[in-house]
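All remarks here apply to the structure that follows.
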Amino acid sequence: MSRTPLDTVEHAAATPDVELPWAELGLKKDEYERVVEILGRRPTGAELAMYSVMWSEHCSYKSSKVHLRQFGEKAPESDAMLVGIGENAGVVDVGQGYAVTFKVESHNHPSYVEPYQGAATGVGGIVRDIIAMGARPVAVVDPLRFGAADHPDTKRVLPGVVAGIGGYGNCLGLPNIGGEVVFDACYQGNPLVNAGAIGVMRHEDIHLAKASGAGNKVILYGARTGGDGIGGASILASETFDDAKPSKRPAVQVGDPFQEKLLIECTLEAFREKLVVGIQDLGAAGLSCATSELASNGSGGMRVTLDDVPLRDSTLSPEEILMSESQERMCAVVEPEKVDRFLEICEKWDVIATVIGEVTDGDRLEIYWHGGKIVDVDPRTVAHEGPVYERPYARPSWQDELQADDANKLPRPATSEELKDQVLKLVGSPNQASKSWITSQYDHFVQGNTVLAQPEDSGMIRIDEETGLGVAIATDGNGRYAKLDPYHGAQLALAEAYRNVATTGAKPLAVSDCLNFGSPEDPAVMWQFAEAVRGLADACQQLGTPVTGGNVSLYNQTGEAAIHPTPVVAVLGVIDDVARRTPVAFQEEGQLLYLLGDTREEFGGSAWSQVVHDHLGGLPPQVDLERERLLAEILISASRDGMIDSAHDLSDGGLIQAVVESALLGGKGARLIVPDGLDAFTFLFSESAGRAVVAVPRSEEVRFNDMCGARGLPVTRIGVVDGDTVDVQGEFALSLSELRETHEGTIPALLK
Amino acid sequence: MTARIGVVTFPGSLDDRDTQRAIRVAGAEPVALWHKDKDLKQVDAVVLCGGFSYGDYLRAGAIARFSPVMEPLLEQAKAGLPVLGICNGFQILTEAHLLPGTMLRNDHLHFICRDQKLRVENAETAWTTDYSAGQEIHIPLKNNDGQYVADAYTLDKLEAEGRVAFRYLDFNPNGSQRDIAGVTNEAGNVVGLMPHPEHAVEPLIGTGRTDGLPFFTSILKKLVNA
C-alpha cells in the first residue's frame, strides 16, 4: 500500500497548488475560496472535511437562516423561556422548579433509503439533544408523512419506519405519546420522518454546549467511532489512500438503542454529581460538529488528539473520523480533578470513555493525528460563520390558479343516503382512519407517568407525583393547507397544535417546529418557505408562544416535484394537576354535546375534498388567532373547574370525524341535531378552525353556558351522548360497530 | 413494619423505577439492587422488571441470567424467596430455569402494546392471593418476544398442577401456547408473566385501571403476616 504524506497544516501551507475535492464534498466554488481566505492557505484534508459538513445546508441553515431570524425578532415576551434558539434544544419553565426541554427534528432522507435504521437513528438523535441539555427524556412523538397509502413503496417504507421508531424508542424506555400519520402522493419518494422528544429537569440542572476553563478535559464517551454515516469523506479518504479499503461506506447510520440507554443513565448520573462543565451530543457532522461547537461557544480554544478516539475500524482516516456519524456518542467537558469520577461512572455503565483533548487558553481548535497538526482553525468560522444565502424567491405562477379552483364549488351530497356514504368513506379513508395498527407498536406505558397518549388530542406526561404537575405536547401540520396558502397554512398548523394542547386542559407555553420543504434553489419553494416562516413567526407572536428551537429539512423533492410545504409545529403546554385532564372519549350517556366556535363553508384543502373528489384547491380555512386564544382559555377553565368530561378539537374531517372518534373511544354513541342556520353537509364536514366539541354533564350546563356567554365564545348545543349509534337526526344513523369496522379496518388491510 | 422488596436493575432495564413506584404505592419499601451486586441486601422479595436487559442481544434474558446478582437470587429463590419476573424478568427466570418454558418472538412479528384482558388462574401464589381464582383483570402488555412455548408434556404438567397463573382472554396477543400469560413454580414463590402489573397501579396513569396493584399488596400481606 502506498501512502501520500500526512496532510498537516504545515504540508498544506507548503503545497498551495494541491487540488482538493471540495466540489465532491458539496462545497460551492465561492465557499471553498472563502475557506482559503479564512485560513490564509489551502485547507488540509481534515479541515476541508470539517468545513464541508459544517457548512452543509443541514448543519449551517445557510438557505433558511435569513428567514429563521424572525423567530427571534418577533419572539413574544415570555417568562417561561429559560434557554432559547441555538442550543441543542430550547428549555421552558413549567413551574415548581421544573424545566422542560423539547424539540422536533427530521430524519427524512435516511428513512427513505433505509426505513428502519433511518427512523431509529432519528429517535436516537433527538433523544441525545434532550440529554445534552441536562434533562431526563420522558417521552417521544413522531409526526410522519408517507406517499399514497396504497402505493407499493409505502408498504416498504411505512412498516420499516414504524418498526424502527418502536425498536429504538421502546428499547430506550421512552413512552411514545403522540404524533401523526398522514398519507399523500406528494410524499412518494420523500417520506417525512420527524421525531420529537421531551425531557424534564430541575432549573439548576440545565447544561449547555460550551467548553470553558483552560485545562479542562474533553471526554468522548459512548460507542466506538466507525465508518457509518460518512457521506463525502470517503472521497477524501480515497485521495489519501489507494484502494486498499472499501471505497463506498454506508451513508445511513446504524443505531444501537441499548448503547443509548446506557448513555442516558450514565450521563444523568454524571449530571447528578455535577461533574460536567459543558456537553454536546454527536449527531450530524459527528466530531467536527461537537468539537467546533463546544470550542466556539466557550471562552477558550481546544486541542484534540484524534489518535485517542476509540475506533470500530482501525483503517479509518482522520477525515473519516471527523465526519463519521456513528451513533450513541457524546462529548463532555470535565474539570481535571473530576475526570476520574466521570470515567468511573462510565465504567459502571460499561460505557467506553476516553479523554481526547483539553480546553486551551487560546482561541484555536487544533487537532493532531500521528503527531502532526492536521487542523488549526478558528472554531467560530466552522460552527457559526458559514455562508448565508439570500436565495431568490417568488410566488409561483400557479398559485393564483390553485386558489381560484374553489373547493366550495365541488358537488355536494344530494341525499341523506349520499351524505351517509361520504361519512363512511371519510372515517375509513387512510388519513382519517384509526392508526392503532401503528401506535400499538410503540410502548405508551413505560416510566409509569403517561396520562394521555395517541389518539388523544395531545400526549400528556405527569412530571411530579406529589403535586400532579404535568406537561402536554401536540404536533400538527397540514401540507394541503400550506400548499394553498403557506402563510396561513403554517398558522393553521400552530393553531391546531395549540388547540390540541388546550383541549386536553393544558396551557400552551412554547413551540418547536420542523420545517419540511422542497429545494431552496427553486424560487417557488423558497417563497413557500419564506411565507410559512413569516406566518408562523407572526402567529407565535400573537399567541404568546415563543419558538424555542427546531429544525429545517430542505431538498424534499424528486426532480421538479417538491412535497407540499409541510411545516410541522409542536406545542408544549403545562397542566397544574393531571387529574384535571380532559380525554377525547365520551364518558357518560346523557351528557350534552356542545360545539364551540363558528362553522363556515370552508372546504379548501379539506379531507372531504380529498377523499370524495381527490381535489386540492381554493383557500384553507380562515385563521383567527384571537378566537383560538379565547377557545383555549375556555377549554382550560372548563377542564380545571370540572365543567366538561370530554373534548375533541375539530380539524381535518370536521365535526363528524371528531364525534365518531369520541364515540368509538368511549364506546358510546351520539344523537346530533343540525343547528339552525347550517345545512347538514357543512355542519358535518366543514373544517373551520377555532372549534371544538365538548361533552358537558347536565349539572354543569348552566355554568358552562354562562362562562362561554360572558367571554363571548359562540356555543351551540348540538346533541347528546347516547346509545350505540351516531345518529344525525333527520339524515342517517350509523352503528358504532359499522363505524368501528370501517375506521379500524383500513390501515391493517393496507399494510398487512 | 413493612416489607423490603428488591428491584434489580440490569443494563437495559426499563421499568425499574416504575416497579419501585408500584411497590411504594402498595405500601412496601422498594430497594434498588444492581446487577453486579453479589448479595441481595437482605430483601424479603425480589422483582425482576421489564426492559431490554443487554439489549435483548443473543436472546431476551439470556445474558442477564449470568449477572452476578443472579447467583444469590437463584439460591434463595430455591429456598423460598418470593420472586416476580415481569416481561423481561419472566424471560430471565426461564433462562435461569427457575420457571419452565421459553419465549419466542410474537407470532405476528411486531412489537405489541395494548391493554390486555387476563384471567387469574391461580390465586394462591405468593404474588396473587389478593386476587380470586377466575377473576378477570386488565393489565398493559408490551413486548416483542412474548410467545410462551414449552413441550406438550410440560404444558400438560403445568395445567395439571395448577401452575398456569394467568391466561390471555378474548385475544391472544402473541401466539402463546394455550393462551398462557404467566406461570409459577411448584412452591408458588416464583411467578413470571409477560403483562406489566406495575403499569396498572394508579387510576390516572396508563389505562386508568389499578388491576395490577394486588400483585404488590399480595406479597406485602404475605411478608408482613409471616
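The backbone N, Cα and C atoms fix where each Cβ goes, glycine too.
Automatic prediction, not curation, is the source of TrEMBL annotations.
Among the features that TrEMBL reports, active site is placed at A:HIS58. If you draw a 10 Å sphere around the CB of A:HIS58 (active site), it holds 19 other CB atoms from the protein chains shown.
Within 10 Å of the C-beta atom of A:HIS107 (active site, proton acceptor) sit 29 other C-beta atoms, taking all shown protein chains into account. Taken from TrEMBL, the feature active site, proton acceptor applies to A:HIS107.
Every protein chain shown contributes to the tally, and the Cβ of A:TYR61 (ATP binding site) ends up with 18 other Cβ atoms within 10 Å. The ATP binding site feature in TrEMBL is assigned to A:TYR61, A:LYS103, A:ASP513, A:GLY550.
Taking the domain 'Phosphoribosylformylglycinamidine synthase linker' (A:24-62) as a whole, pLDDT averages 92 in the prediction. Residues or ranges marked as domain 'Phosphoribosylformylglycinamidine synthase linker' in TrEMBL: A:24-62.
If you look up TrEMBL, you'll see A:86-201 (among others) marked as domain 'PurM-like N-terminal'. According to DSSP, the secondary structure content of the domain 'PurM-like N-terminal' (A:86-201) in residues is 48 helix, 45 strand, 23 coil.
For A:214-369 (among others), the entry in TrEMBL reads domain 'PurM-like C-terminal'.
Annotated domain 'PurM-like N-terminal' per TrEMBL: A:456-575 (among others), in sequence order.
According to TrEMBL, the feature domain 'PurM-like C-terminal' maps to A:588-725 (among others).
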Where A:TYR61 (ATP binding site) and A:HIS107 (active site, proton acceptor) are concerned, what is their Cα separation in Å, rounded?
15
Reduced DSSP assignment, A:TYR61 (ATP binding site):
coil
Residue pair A:HIS107 (active site, proton acceptor), A:GLY550 (ATP binding site) - Cα distance, angstrom, rounded:
13
Give the nonlocal contacts of the domain 'Phosphoribosylformylglycinamidine synthase linker' (A:24-62) in its own chain as ranges (CB under 8 Å, at least six residues past its ends).
7-9, 11-13, 15-16, 18, 68, 231-233, 235-236, 239-240, 284-286, 288-289, 292, 317-320, 322-323, 367, 369, 374-378, 381-383, 386-389, 520, 552, 554-555
Count the other Cβ atoms sitting within 10 Å of the Cβ of A:LYS103 (ATP binding site), across every protein chain shown.
25
In the domain 'PurM-like C-terminal' (A:588-725), how many residues does DSSP call helix, how many strand, and how many coil?
56 helix, 25 strand, 57 coil
For the ATP site made of A:TYR61, A:LYS103, A:ASP513, A:GLY550, how many Å separate the two farthest Cα atoms?
17
State the Cα to Cα distance, in Å, between A:LYS103 (ATP binding site) and A:HIS58 (active site), rounded to an integer.
16
To test your reading of the ATP site: which residues beyond A:TYR61, A:LYS103, A:ASP513, A:GLY550, same chain only, put their Cβ within 8 Å of the Cβ centroid of those residues?
A:LEU68, A:ILE85, A:VAL104, A:GLU105, A:SER512, A:CYS514, A:LEU515, A:VAL547, A:GLY549, A:ASN551, A:VAL552
In Å, rounded, how far does the Cα of A:ASP513 (ATP binding site) sit from the Cα of A:HIS58 (active site)?
15
Output the one of A:ASP513, A:GLY550 that, of all these binding-site residues, has the highest number of other Cβ atoms within 10 Å of its Cβ.
A:ASP513
